Amino acid sequence: MAASMARGVSARVLLRAAGGSWGPRAGHAAVTSRTFGTTGERRAGEEAADSPELPRDVVNVVFVDRSGKRIPVRGKVGDNVLYLAQRHGVDLEGACEASLACSTCHVYVSEAHLDLLPPPEEREDDMLDMAPLLQENSRLGCQIVLTPELEGVEFALPKITRNFYVDGHIPKPH
């Protein structure tokens, strides 16, 4: 029976083949169907997108896009910078979805805040080595988690990235 179920044969067909039915039999309870619920989609490392509830949880961040436009956003303590940018329409790709397998979320961290971040781990450094236009203040947005000390931080996007999407395509979170 398990092999049949694995091949996609429904329980109803199996019950009928065995002489059973979905209706109640004398001395037996009726078979009821079950419904399944799902939780909202969330990628690894992504925090809930709701606004910070307490002022102490707010971290004001400014993204500077490739054209130089400043985009101020309100993040919250614990937010991942890549997902924060994507929620606010900032063109930060994140092709590998924060799995440290690309460098498309490469950002420049404001000098005043760079030393407030923990040093990059070896895997992040390895990915940054593949990023074009690397600078001393380069980091991967997927590896930066907001803390209260990062209040007022600026993340500038480099003029180019080694992207994995077709020109003109606007990246969207998966």
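Here the Cβ of each residue, glycine as well, is placed from N, Cα and C on the backbone.
Under the heading [2Fe-2S] cluster binding site, Swiss-Prot lists C96, C102, C105, C142, citing sequence analysis as support. Annotated domain '2Fe-2S ferredoxin-type' per Swiss-Prot: 59-161, in sequence order, evidence recorded as sequence analysis. According to Swiss-Prot, the feature region 'Disordered' maps to 26-52. Annotation comment: Swiss-Prot describes 1-43 as transit peptide.
Mean pLDDT of the predicted structure over the domain '2Fe-2S ferredoxin-type' (59-161): 96.
A coil conformation is recorded for C105 ([2Fe-2S] cluster binding site) in the three-state DSSP classification, outside any helix or strand.
Least crowded of the binding-site residues (C96, C102, C105, C142), judged by neighbouring Cβ atoms within 10 Å of its own Cβ: C96. Here the domain '2Fe-2S ferredoxin-type' (59-161) is broken down by DSSP into helix, strand and coil counts: 24 helix, 25 strand, 54 coil. Taking the mean position of the Cβ atoms of C96, C102, C105, C142 as the [2Fe-2S] cluster site, the remaining residues of that chain whose Cβ falls within 8 Å of it are L82, E93, G94, A95, E97, A98, S99, L100, A101, S103, T104, M127, L140, G141.
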